[in-house]
C-alpha cells in the first residue's frame, strides 16, 4: 500500500503536440467536417434548465436535516455542478453563441457559473485556451501538476488524497505556475457570484449555501465524473498524450470524453464530436481509449507506475501568446 512509484519526473518531449497535424490531415481527407464548426444553440437552453434545476434544489434543501443536505449534495448537486463546469468549458470555446459573439459567451459563462458558488468561468477560459495552444507547455499549461504534486503524491494513499483534493489543486495551480493580472471581466465574475451567493443565503439560509458549495467541491473531487481529469492526458501508455473516453457519462458531460476529437477540433461543439469520430474513424478507432472513468481512477491509485508526474511536458520555443 505504501510502495512509491518509479517515476521521478515528467515525461519531457521535444516534439510538437499531435493535434494540429492530425487536424490538417483529417480536414484534407474529410473537408465535410468543416460543416460541424458552428454554435450549438441547444447548449443555451440546457444551461438555463440546469441553473433552474439548481435553484429548485437550493429551495428544496433549505429545511432538510443536515444528513440529507449532505446526501443530496453528493448524489445530485455534485453531478449537476460538475456537468455545469463542462458546460462552461463548452462556452469558453464560444459554442453557445459562436465566435462572432464572443462577449455573449463570456456573459453567458458568468450566468452558468452562478449555481457553482465560486467564480470560475472567466479565469477558466483564459487558462484553458493556453492549454489548447501549448499543450504540456512548461510554465504555461496549468493542467500539468506542479513538481510538488508529482513528488509528494507518490504512494497509493497519497494519490487517493490527491484525487479528493483535485478542486483545491486546480484552484491554486495557476497562481503557482502561471499567475496572470486580474481582468475587468474576472472582477465582474467575482462580484456577480458574491451577489448571487448573498441572495441565496438571504432567501434560503446556510443549508442552501452548503449544498451549493459542497456539491461543487465533491463533484470535482472523489466522484466518477472526475475520472475525466486523469483520463484526458495522464500517460497510461508511453508515447500517448491524449485519450478519449466513449462511455455513458458523456451524456452528462457534453461529450468531454471525446478528448482526442476535441483537441483536434476545439471549435466543434461537444454535441458534434461523435460525428467527427464517425467521419474520421480511421484516425480515432485505433487510438488508446477508455470506457470507464471509475476504472481510470482506480488504476491511477493502484498502479505504482502512474502518478501526477505521468504527463508529457514541453519546453516551449519562440513567441508565446497567452490569453
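Every residue gets a Cβ built from N, Cα and C, even glycine.
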Of 133-150, 151-168, 169-186, 187-204, the range TrEMBL tags as transmembrane segment is 187-204
Tell me which of 5-23, 24-42, 43-61 corresponds to the transmembrane segment entry in TrEMBL.
43-61
107-124, 233-250 - the range that TrEMBL marks as transmembrane segment:
107-124
Annotated transmembrane segment segment (source TrEMBL; candidates 210-231, 254-275)
210-231
Short question: most Cβ pairs under 8 Å with the transmembrane segment (107-124), which of 68-87, 187-204, 210-231?
187-204
Looking only at residues six or more beyond either end of the transmembrane segment (68-87), which have a C-beta under 8 A from one in the stretch?
43, 46-47, 50, 53-54, 57, 61, 112-113, 115-116, 120, 124, 207, 210-212, 214-216, 218-220, 223, 225-226, 252-254, 256, 270
Restricting to the same chain and to residues at least six past its boundaries, which positions have a Cβ under 8 Å from a Cβ of the transmembrane segment (187-204)?
58-59, 62, 110, 113-114, 117-123, 212
Mind looking up the mean pLDDT for the domain 'Sphingolipid delta4-desaturase N-terminal' (5-43) in the predicted model?
92
Restricting to the same chain and to residues at least six past its boundaries, which positions have a Cβ under 8 Å from a Cβ of the transmembrane segment (210-231)?
54, 57-58, 61, 69-70, 72-74, 76-83, 85, 115-118, 163-167, 170, 197, 200, 243, 245, 249, 252-253, 256-257, 259, 290, 292-297, 300
